[in-house]
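Asks: Feature annotation from TrEMBL assigns domain 'CAND6/7 N-terminal' to 27-157. Residues annotated as domain 'GOST seven transmembrane' in TrEMBL: 175-415. The signal peptide annotation in TrEMBL covers 1-24. Under the heading transmembrane segment, TrEMBL lists 174-194, 206-222, 242-268, 280-299, 311-332, 360-382, 388-409.
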Amino acid sequence: MGKTALATVVAAFLLLLLVPPSTAEIKTLTITSDTRPMILLEKFGFTHTGHVSIAVSSVSVVASSGSQPDPSRLGFFLLSEESLLQVLIEIQQNPSFCVLDSHYIKSLFTFRDLSPPPAASVNRTFPVTIANEYSLFFANCAPETSVSMAVHTALYNLDPDNSRDYLSAGQTQLPSLFSLFSVAYFAFLGLWLYLCHSNRRSLHRIHLLMGALLLMKALNLLCAAEDKHYVKITGTPHGWDVLFYIFQFIRVVLLFTVIVLVGTGWSFLKPFLQEREKKVLMIVIPLQLLANVASVVIGETGPFIKDWVTWNQVFLLVDIICCCAIIFPIVWSIRSLRETSKTDGKAARNLAKLTLFRQFYIVVIGYLYFTRIVVFALKTIAAYKYQWVSNLAEETASLAFYVVMFYMFRPVERNEYFVLDEEEEEAAEIALRDEEFEL
């Protein structure tokens, strides 16, 4: 095994640390002329009643030297994260070492078990009796060979009634979790519509857009619940994944748009957007389209495709750019209000507006930090059986953010935008001279 192959193997093992547990556990994939020495196929949390079913067909191994490679040097195996370090040490100590010979893996089968050509196939099911999170790998220890094959995998745990649960042990609670939050958002939407109807005089276009955001979020969670439910009982999403991605795209675009528009004071303070604010939207919306494409590729394929890491990097980069972009309009509004407060003589009103925007700025920063950093940390450190906790934390933080944002900018006749208290005018002028509102 050369240095390039060794680096590929190490990279494949390190990749599994970043791969979340898989969700759609019946998958069919096609590998064509692949020369990689290691291919990560799935990652799954098993209970003591776990099973791995693999069907391989149309296998073709081509060696550049023309000689037929040893079929026992190509095969499938399971690897737990606890054994990952030991296997890496073995490979680094002996670059020619074949991972299929390691005592730290759970070997499934090699190409020696294939039926004779032209079928060249095998279909087997293996029990997993030791509960843990395992990664399913294909290893090619035959130098200078390329492999083509069709692989059908099904990973599942058995429930007490012997029914199959195709969700990872840490995700089997997700259908109920998403259903609960979906109901919460539908109730939130009902309350918002009632509030808008009761305060029609204070209703602005942004409030209607905020209502649409609540609807998309509720529908997104409903489709996520149905998606996970059908994956749990059948292994496939039955088309609910398509609806999930559609509503997810609309919801994310609406969320970033609402944050930008609220941050600019659109329809509250002014009926139009400035050119720089329009540019922010023109940047964010196309980037979210790209992020949605990356999300679909990541969710519907898997780490076995060669560009899987690249799509993850694209998604992460786009998300960071969008999170940074939506902060600028809020900062611009705060600075604009500070400049205005020096000339229009309405200190109390400007102080209330500045306070509101500063609070909104802090809320947005807190929301982005928690959902991007803290949630990722929870996914990384939580035991595989408690992966659902990160989803719970993310949805709880999102709901709290929605509640705070909608409360701050609710349609009421005397909200913070229009409060005027002449008795506090002098105190407001003193406060505005303070540097408290500088960012």
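These residue numbers are counts, starting from 1, taken along the chain as shown.
Backbone N, Cα and C atoms are what each Cβ position is placed from, and that goes for glycine too.
Nobody curates TrEMBL annotations by hand; they come from automatic prediction.
Please situate the listed features within the shown structure.
Replies: Proximity of distant same-chain residues to the transmembrane segment (206-222), defined by a Cβ-Cβ separation under 8 Å and at least 6 residues beyond the stretch ends, is recorded for 178-179, 181-182, 185-186, 188-189, 192-193, 196, 244, 247-248, 250-251, 254-255, 257-258, 261-262, 266-268, 395, 398, 402, 406, 409-411.
Away from its own ends, the transmembrane segment (360-382) comes close to residues 20, 170, 259, 262-263, 319, 323, 326-327, 330-331, 334, 389-390, 393-394, 397-398, 401, 404-405, 408-409, 439 of its chain (Cβ-Cβ under 8 Å, at least six residues beyond either end).
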Asks: Could you please provide the mean pLDDT value for the domain 'CAND6/7 N-terminal' (27-157)?
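Replies: Summing pLDDT over the domain 'CAND6/7 N-terminal' (27-157) and dividing by its length gives 91.
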